[in-house]
């Protein structure tokens, strides 16, 4: 099992390069169609995209074992929310890869009787569940970091003898006796929360990259399952951006969100 997991990890870079090329073809095909390119050229781009997709499925053979090993490690995390989100995400990834392997067998002719549409829908459902868990984990980590940053700011303000913006010390908007002060106070709180969120994400590049990558990937299963039709152009662009970010995490491992 360990030997297969190591072999699977070595093929990740090739798979992600193929993924980037596949979604680049999808984006290019959409652009060619919009600009009235020749049908023959559009057909060649679609065929190249199909070949890259089949090649990716071959490179992903056995990735279920890697996902299961990751799920086994995540079970031992001390934080219960992270443990749940990461474990469920890896289990859904394992099921997604298993469905993907069945699809590869059908498309390669090894199992011609496979209902490819049914298995494709199953794989995208598991993919969607995995992404939802990933984004839930990201949201949880962001909340924790924002609370830590807010507490640190409060301690610094108290240490320097400063007042809290909008509080009674400043006599600012939003006091109980201020007519119509509720709306400006709410706007101020929202602005402070947005600034705090931006500060947290700027200070934690791995978390920022993970949020953007998962958000981009989310459009793919939503479109394929018919939950939100966004078109091949958006799918191609989001897939390409996500693939480039994934490649960056391989080139620079410190950009990968841990655990």
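Each Cβ is built from the backbone N, Cα and C atoms, and glycine gets one as well.
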- Query: Which one of 43, 57, 107 shows up in Swiss-Prot with the note N6-acetyllysine?
  - Reply: 43
- Message: Across the region 'Interaction with PEX19, PEX11G and FIS1 and peroxisome targeting' (211-259), what does the mean pLDDT come to, as a whole number?
- Response: 95
